Amino acid sequence: MLLVMVRSSTISPKSLRLYCSGHIIDSLRHSISRWNSPSGYCSNYYFSKRKHKRHFTSSVLSPVTPIVHNLFDELPERENRTMESSFMFLRDVLRSFMMRTETETPRSVHCFALKCGLLQDLATSSKLLTFYGRTGELVSSSCLFDELKEKDVIVWNSMITALNQNGRYIAAVGLFIEMIHKGNEFDSTTLLLAASALSSLHLSRKCSMLHCLAIETGLVGDSSLCNALMNLYAKGENLSSAECVFTHMEHRDIVSWNTIMTKCLANGHPRKSLQYFKSMTGSGQEADTVTFSCVISACSSIEELTLGESLHGLVIKSGYSPEAHVSVGNSIISMYSKCGDTEAAETVFEELVCRDVISSNAILNGFAANGMFEEAFGILNQMQSVDKIQPDIATVVSITSICGDLSFSREGRAVHGYTVRMEMQSRALEVINSVIDMYGKCGLTTQAELLFKTTTHRDLVSWNSMISAFSQNGFTHKAKNLFKEVVSEYSCSKFSLSTVLAILTSCDSSDSLIFGKSVHCWLQKLGFGDNMLSANSVINMYIGCRDLTSAFLRLETMSETRDLTSWNSVISGCASSGHHLESLRAFQAMSREGKIRHDLITLLGTISASGNLGLVLQGRCFHGLAIKSLRELDTQLQNTLITMYGRCKDIESAVKVFGLISDPNLCSWNCVISALSQNKAGREVFQLFRNLKLEPNEITFVGLLSASTQLGSTSYGMQAHCHLIRRGFQANPFVSAALVDMYSSCGMLETGMKVFRNSGVNSISAWNSVISAHGFHGMGEKAMELFKELSSNSEMEPNKSSFISLLSACSHSGFIDEGLSYYKQMEEKFGVKPVTEHRVWIVDMLGRAGKLREAYEFITGIGEPQKAGVWGALLSACNYHGDTKLGKEVAEVLFEMEPDNASYYISLANTYVGLGGWEEAVRLRKMVEDNALKKLPGYSVIDVRCLDTVS
């Protein structure tokens, strides 16, 4: 039997020979040598003993307080006590006071035993050693241990136990090595204690050595020892060896079954855990609360609701009803929550007789995971007000995470204040990490950075949270600098995948491509290259850096392993970064491959791409595909459809989709309001707003202000302004930008400037709006002053839209030289690459000044074909200045690019009319009529009288 066990386990015969030759002791010594000085493997233990030996004699044998002397007042006939009566009394005292923690109590007993000469009784000495260990008096216990001339296995075990109980695991292993080295006998308890110490030191890889000792000495039949070996093997992720120990156990108790099941679950094998449970029930072993908690947790991991319901029934049938057994009830709550049945989870929670903080945390996390955030906050309130349960660290971490996901900065700050009052931050670093993460998700990077810098003891999670906070809020430079600090702070081997993934999100522009590639190399170096999560994140990084070639190349190299997430990374990534056509092409490639079926995320990306490209027919196809392939249309998908139809100028379909939503959320209302305002349906926006029963947010008011701008209605706009002030939204940078745009478009530029200056926090959008407003009103010099003020702001930099507003202002005010100078500085000084809109305003600027030939040379000198908007600006200038020759040449280009655009024909016809060329004008007009082309008429809007109010 012994030979079979050696061969079938992971313990090689060579390992067994190592034991026989005594080298196993040296191997154990080598394992813990990095914690000890060269002088000895228990140097800390022996050093304390030498240092305090004299102190031991004086302190233990010194007179004790009268209160402690009263321990011996009950001894009958103290004057005439015999050795036997003293011995019996001492044994009784040791039994009675074994749970005492007062330091003087064991010293008094020690003093009495010393006077009576009872210390050489090994049973008494071992109990006294245990007594010292429980009171934390290791110095005294070590001196007593050394004074014993003879030591049996119980004495050695008592001393090792004392060291383990007081966290001196290195000394415990050292004493175990000394015990074997001196040839002392040991038993299964000794090996169990050594296994416990190795487990605490994370030396699970040395479990095979203890296993060898157990096999050689025939102690492997002890169930408790086998359970400890299984635990130690599994802790080192060596589950196969743990299973081997379990397989060869002759006598398995419930602890053995629970150990193997819990370790399978902990090592990511929930199905194995369930298989062992099936074997256990077949063997006739009855389950206990630990068993049921484990197998129900395994059901949670694989999200098997049907199996979970069956286990729930078995729990009740076995007499472990969740109402009476809280641990089982907590597991059932978590199982139902993870399987999406929050109603059943809530029912079990309400039926619990004695709820604890774990019960509340389980249902709270369940609500949060299923998007029921209001119910989650309700549980938090119930914990404190009804159940009188104080939230613990796990509760705080969960609530902080919810606040971060919902961007509830006010509630998040309140939770932070609670952690400070309860002194949780000083007790648990995970609380600080969760608060840093919450502040990052709420956009409060200043608060996150302050908390990070004031934290003295940071771990890798702290760094990851701060890097993510910087990356999520656009502070890419700070994120990269912090990553460099992490590299210098930690060695490569200690890096986690989360660290590299956190910095990858900061690589979102072409300027970050080189840095992103270096991070990609780090992933490969750390061995995370084949990890699906890292591979998909690398794809997103390359898409964000505009390197589509590398992104698609990475996808191609994953031909055998890529999953739906990989395709969604490309489809959604391209759609969100502006590569809409590539997003649709990726979907076509996935469909042609035929291995993977699309899901909700896929359709969200393709519908968004169709909307941005204005492909209404393609969008309708995806709408039909969603109806056909999904059980029901998710509200998020319907909101995306509304946005898509709005961008494709199909208002009727957008409103129809909105009407089909059974329970529209605020996002649904905002989407339809934005769709209407984008398509000049301002009055419909306000009519729809009157039916809104939900509390509007900042995005709602941005849509209302946009509609007011289109209507030229200051009365509507001012009412909306009053409403958002009452709700405290005036400081929002996007609201500020919309207010500036509304007031300036309605002729109230001074009011717009007051809003801009008083808002406190201005986004780049607000700056762009105020620059554009001054340019629109012919105040080009003021617009340039504002641009200089923006460019000198260290917290933000001018972007593409900033230069569009600036060049527009220069064009309207006739500042040609300044405009050309700013155009030149765009890429050289600010790193902004010119696009079509910038070139349109340069052509318009030159055209207004009559420099038509220079405008033509500007277009042709760019070196790449220009879009119709650029040529259209030159055609308008030719019309204004009556240059029919150049106008005809430009018009021919436009007729080829957009043959169905009536405005080009009419613009050229008007040029001929101005110079008396009626025949050409008539011919062009006839072409418009024959082709059934229509030009949208221009119009102006004024606010004559507005009797309606915004409610």
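Placement of Cβ uses the backbone N, Cα and C atoms for every residue, glycine included.
As annotated by Swiss-Prot, region 'Type E motif' applies to 870-945. Residues annotated as repeat 'PPR 1' in Swiss-Prot: 121-151. According to Swiss-Prot, the repeat 'PPR 2' annotation covers 152-186. Sequence annotations record features per position, and here Swiss-Prot assigns repeat 'PPR 4' to 222-252. Marked as repeat 'PPR 9' by Swiss-Prot: 392-426. The repeat 'PPR 11' annotation in Swiss-Prot covers 459-489. Annotated repeat 'PPR 13' per Swiss-Prot: 531-561, in sequence order. Taken from Swiss-Prot, the feature repeat 'PPR 14' covers 563-597. Feature annotation from Swiss-Prot assigns repeat 'PPR 16' to 634-668. Sequence annotations record features per position, and here Swiss-Prot assigns repeat 'PPR 17' to 669-695. Per Swiss-Prot, the feature repeat 'PPR 18' maps to 697-731. Residues or ranges marked as repeat 'PPR 19' by Swiss-Prot: 732-762. Residues or ranges marked as repeat 'PPR 22' by Swiss-Prot: 835-865. Residues annotated as transit peptide in Swiss-Prot: 1-63.
Same-chain residues lying 6+ beyond the ends of the repeat 'PPR 17' (669-695) with a Cβ under 8 Å from its Cβ atoms: 639, 642-643, 645-647, 649, 651, 654-655, 658, 703-704, 706-708, 710-711, 713, 716, 948, 950-951. Residue counts for the repeat 'PPR 18' (697-731) under DSSP, helix first, then strand, then coil, are 27 helix, 0 strand, 8 coil. The helix, strand and coil residue counts that DSSP assigns across the repeat 'PPR 2' (152-186) are 26 helix, 0 strand, 9 coil. Broken down with DSSP, the repeat 'PPR 11' (459-489) shows 27 helix, 0 strand, 4 coil.
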